[in-house]
Ligand code: BGC
């Protein structure tokens, strides 16, 4: 068997420095031209300063397709405009597109081949939908379980992230769409993302976060997006050490760097530092740049350098000479097939007790939970895609089981206010204000029992026209400046009929409260309703769920957590009343499978009471079919965790140290150093709830006869894998490597060194070889600012997760 995990193109040469073997970065020429491209240079010579500057910043698209960015072309010279669309899980424009599973679910497949195909779907659709540049993939490491965009990225592990980003980038660009790896670098949290100063040492930077970016560059990414945050005191978008030192000089990047949206702070700093393009407008790279060039503050040579880089990428993709392939028609069926395959392949079975899964056809099933009926397709923010379609898991399960009941169990949208609560009486369920009109209500709300109330406002108008609701003079749903007003997606921001939703939880005293509402019809009229969730309505929902659970043989309880760009979570617990719901339902019926539609790690105090737990993240538009295929055993759950799931909020790498997370006085320190993710759990001997790499199959596997051989290309680790169970199934054996005795640096207890995803028939046996790259066995030596190969005898483990290590052997590295 040969290794099918793609090797990251090697641009490193082994060399000897002072007796130690180091791996030196050699600038890649693979994607560079030999010398300046004549077409680009000829254009540059003819462009006026204003035209050059217009190519370096975003502008308003005269024919907008709903994409995030636009750069006008220069028509007189045949330079076409660029349209730039998000994002990581599909093409985000106004039109429908394939909503692929969240990247974290793709990563869970441990299958770079699938990542390439996922990229190809987006690449083709992006071009079909009029786009030239894709604002994806995102490869920032999962450093904290709270980070709001953990669903949009791949993993806590640098090696796995690097393999996936390289393969996806190749896939996107093979269809003629320019990929943008983002957010360079260290945008590992949403909290304070536009201002936080990340302090990190050189070694940590290279051994953790940068590896994925380097892999994307080696795979030929046309563009890089700079991050919002600061890195060691300087904003990432004006950080010369990163944008020029690392990206250009060390890695040989020849594409262009754009800012994240409104992430530029200074014309005079950013352009010389190596930021080529400002997005989405010309705040700093428009008139301000022209003035800076004219007054000598920014030499025009920097403008030329940036324009050259933009044009060079356009040239490489055939956009300057008309050789770009014709824009294809969208192929929704092909997109759907890949979306489904990825969702099935990434489905991660965390627990399966007493043979709870797979379910048998024709049984009786109670489906519980809001995302059981209304599919949670994708996370919120710039990664949200308007799906081609999305079936309900409930309908899919109905087509398989003989008897299916449904109970909501957890209500996020509220129940109508009780009759008589409002005086004068008001139909709070659906109130319509006509266009141009203003409607007001002044009355009272009577609360009979002092308990927690969540008032839920549903409204159709644009956010600035959100109805004003005042309780005892306090405005309950004020406009909050920030991302959350703009980003949609996920489950919670919109009701099933599309109305925007805002919630406010409070504890009003029993008695009568003054309530006033002012709603404006605006241009299109406004529909709104006011609802509530109380302890009593919650209890009713749980009671109904328990009733359904008791009456069925099996229960499938869909639990959710709704992440959105721009904000972090504050707890690992499931939101709302879901923990109590799971407690009650599992007490009523232990054959309960909890399906998690969550963004990242979740704490599970209820775990032992469940029959099974299936992690599906945000499974995309084909999520319902994929979930059912795994629940009913048509597919073996072949996904594995790409991040450690902590046992609780106090037991993970950034717990209990605000300097690590979320930062103190605007600064945070990555003091866990190279011990990111599973490496931290090993270094600190902390037991995770579920370790990195964990995921169960419906069959079982044995690992035998390991051997390892150092070759000129790295370490070949071989072993025999046997399917010892009664079903065909998928396994993802993983190779971990211990420290080198020859490197006098603090090294991880174990690093992920390689892995394979394999499907074996029952009883089948296969000899498997995993190639471990020299880079994976190297450390960054801060004294020589370079990689040093970790030679000597190193321990290797082969296992089913970072904590299920089945075989151990020693191998010599470096001959
Ligand atoms: C996000 C980027 C995204 C951009 C354009 C920003 O807020 O951080 O990832 O590509 O918006 O939508």
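Glycine too: its Cβ is placed from the backbone N, Cα and C atoms.
Note: TrEMBL annotation is automatic and uncurated.
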Next item on the list: Have a look at 622-642, 643-663, 664-684 and point to the one annotated region 'Disordered' in TrEMBL.
Entry: 643-663
Notebook entry, point to check: Could you count the residues of the domain 'Fibronectin type III-like' (731-802) that DSSP puts in helix, in strand and in coil?
Noted result: 4 helix, 39 strand, 29 coil
Notebook entry, point to check: For the compositional bias 'Basic and acidic residues' (648-662), what does DSSP give as the number of helix, strand and coil residues?
Noted result: 0 helix, 0 strand, 15 coil
Item checked: pLDDT averaged over every residue in the domain 'Fibronectin type III-like' (731-802) -> 98
